[in-house]
């Protein structure tokens, strides 16, 4: 049995295949997945797993250099926004690099998610609980 943090085989494989600047979208239960994009569906029921549980688990094994959020998240979901930004700041300290955070419209976000290697669906049922994570390098 795998001893690392990520036990889901699809998610573990995805993270191990990421190259520099590749992106992965982590989304709420309602984020659409464009045709041709891998869907890794972790949702069990409403709220399980939570968005931040997925983020915390993934970033334990993924080097992150950039994050893109929908600007609508700031007002429509301030609690998740605060938790995510705080987590990314802590992650940057742990990794020893800056993580740039960019904001785009939700429409632009959905278009960018179509360029992701995969969209990871959480069970989160709150508005705009989505982020694009861009892979960095560990050296």
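The backbone N, Cα and C atoms fix where each Cβ goes, glycine too.
Annotated active site, proton donor per Swiss-Prot: 20, in sequence order, evidence recorded as sequence analysis. Listed in sequence order, the residues of the same chain lying 6 or more apart from residue 20 (active site, proton donor) and placing their CB within less than 8 Å of its CB are 135, 136, 137.
As annotated by Swiss-Prot, substrate binding site applies to 28, 106, 128, 129, 130. Under the three-state DSSP scheme, residue 28 (substrate binding site) falls in the coil class. Counting every protein chain shown, 20 other Cβ atoms lie within 10 Å of the Cβ of residue 28 (substrate binding site).
Those residues noted as binding substrate (28, 106, 128, 129, 130) have their most widely separated CA atoms at a distance of 13 Å. Of all Cβ atoms in the shown protein chains, 17 besides its own fall within 10 Å of the Cβ of residue 106 (substrate binding site).
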